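Structure first, then comments.
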Amino acid sequence: MISPKQNKPETGGAPFTTVQEKDEELLAAESEAEARQTSMITDIWHRLKKHRLAMAGLIIISVLILTAVFASVIAPYSYRDQNLDNALLPPSRDHLFGTDQFGRDLFSRIIYGSRISIAVAFLPVIVSVGIGVLLGAISGYYGGWIDLLIMRLADIMFAFPSLLFAIAIIFAIGRGILSLFIALALVDWAGDARLIRGQVLSIRSKEYIEAARAIGMSDRRIILRHILPNCLAPIIVTVSMSIPGVILTEAALSFIGLGVQPPTPSWGAILNDGQRFIGNAPWMAFFPGAAIFLTVLAYNFLGDGLRDAMDPFLKN
Amino acid sequence: MRNYIIRRLLLLILVLWGVTLVTFILMHVVPGDPAKVLLGKLSGNEVLVTKLRHQLGLDKPLVVQYFEFVKGVLRGDLGNSYKFKASVMSLILERMPATIKLTFGALIIGLLIGLSSGIISAVRRYSVWDTFSMLFAFIGVSMPVFWLAMLLQLFFAVKLGWFHVSGFEGLRDLVLPSVTLGLIYSASIARMTRSSILEVIRMDYVRTARAKGAPERIVIFRHVFRNALIPVVTLIGMQFGGLLTGAALTETVFQIPGVGKLLINSTLDLDYPMIQGGVIFVAIIFVLINLFVDILYAYLDPTIRYD
């Protein structure tokens, strides 16, 4: 790994207070590794800042997060109060994006809908990548029958197109936000596990791992302190690349009626209503779709920029 | 090569067995009792419930149910749909032609647009074309397929009236759905083609070809494309799952009676055997296509050793 050694560690001791004296040499090596990581992050940030599309993506995502947090302040109307006199009104000054078949303000519903998209972009992705990293690391580090078992399980997972598997899971455990998150977290770990396994396999044979083993370090500690930190770059890229797919899967599930249940607004679910009124209220189909599209586009821009910025760290 | 194929076939058997097991387990952790769901308002009547459970074989031990299920799958019998009162297999096969036509149309459109825009992008790197086609690719991978379907439907069917808004009477009704799916599909192909060509173009053998004075056209077509298209072939296989689910969503928007729409509707109807059979059917198709693509890949790229 290439890294300029400009950033010295600021606090070397805090996390290691329980470590015994005899490990001092190792301790020095570990804090140096930590310093390498802070410099890696500043290094990546410097390169990312120059990537215009990535910055555009980052700005859109930040706006989206603010929208989700302050939804109740921004939205001019309630997302659930029905008023049939106002049903299917076209966009106007009163209703920026028009209204739906129950007379609910679409702008407000789309503002509130951002909450689901943000939640989906983080919670299930973190769990999914977590499962992938854990299984991949175990698989690559231990090898043998456990590797065989995990990788065959991954092969089986690969046999199911992810939307189909998510449908089956939701069908099995019932609809609702929790089932939606569980389904999204369970469908995509196999690819991550394979990727991390490959990384771990190449790191495992490095000399510093042999050295750590020689001084009697536990497997757990070797994996957590030496192997995974060196997989950080591919893990970050994996996270950023999984987000767009997960948002699209959530939108698709809500679109077919298996995702977020009414009256909670989700962009996919609003599109489902929009489909039924496509002839007389096209705005109901246009705006929620545009929201999904912009969000996914922003994450794709950012992911692409991150991958470019991390390029030097990705080659092991 | 032969050993590789044999190993892949052994793996295939294992994966297919895993697919039946995973699907079976998923479908049998269902909290509700399918018999009660089927009876609806009559579910309070214990006698009826017991009788129906017996008829459906739900009163047998799970292991027995699983073995009977696998025995059925091996014979091509995926059970009977609760809703249609017909065999799941025949229902799926009935709807296969529409889905195959749609996927095939999308595949052709996707490859035509994706390959040409990826090639132009790579050969004229950093030109206006490159920027345009990469932006197009970004848009394509970010767009929900069902939204694009609705936009095209709105413009070409509702506004211009060139096509039926929905339904499936003739091949004409497959134009919009195929274009929708093909456009989305072309985006990832364009991206992959571009990066793959850019990688190959730097190779020594390309420089050698140029150095010996071969015309640029020959260099590009004979030396670059042949090698650059190999990873694209793998992508086509990997993306097939996406194509199948994309087809399901497109079928839903355009009301095309295909396999995807059938499966999506069955989830809303709580048709357990239909879902179970459909999931297994699609997974098997997907696994077989990937196997085919991998073998094709091994055949196309003799430098890769599989042992």
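Using N, Cα and C of the backbone, Cβ positions are placed for all residues, glycine too.
Copied over from TrEMBL, here are the features:
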type     : residues  : note
TRANSMEM : B:9-30    : transmembrane segment
DOMAIN   : B:96-297  : domain 'ABC transmembrane type-1'
TRANSMEM : B:102-123 : transmembrane segment
TRANSMEM : B:135-162 : transmembrane segment
TRANSMEM : B:174-193 : transmembrane segment
TRANSMEM : B:228-254 : transmembrane segment
TRANSMEM : B:274-300 : transmembrane segment
>> Would you say the transmembrane segment (B:102-123) and the transmembrane segment (B:274-300) are in contact under the rule of three or more C-beta pairs closer than 8 Å, pairs 6 or more apart in sequence?
In response: no
>> Can you tell me which recorded stretch out of B:9-30, B:102-123, B:174-193, B:228-254 has the most Cβ pairs within less than 8 Å of the transmembrane segment (B:135-162)?
In response: B:174-193
> Which of B:9-30, B:174-193, B:228-254 has the most Cβ pairs closer than 8 Å to the transmembrane segment (B:102-123)?
Replying inline: B:174-193
>> Below 8 angstroms Cβ to Cβ, which residues of this chain, lying six or more residues outside the transmembrane segment (B:228-254), approach it?
In response: 98-99, 102-103, 106-107, 111, 115, 122, 145-146, 149-150, 153, 166-168, 173, 176-177, 180-181, 184-185, 188-189, 192-193, 196-197, 199-201, 260-261, 263-264, 282, 285-286, 289-290, 292-294, 296-297, 300-301
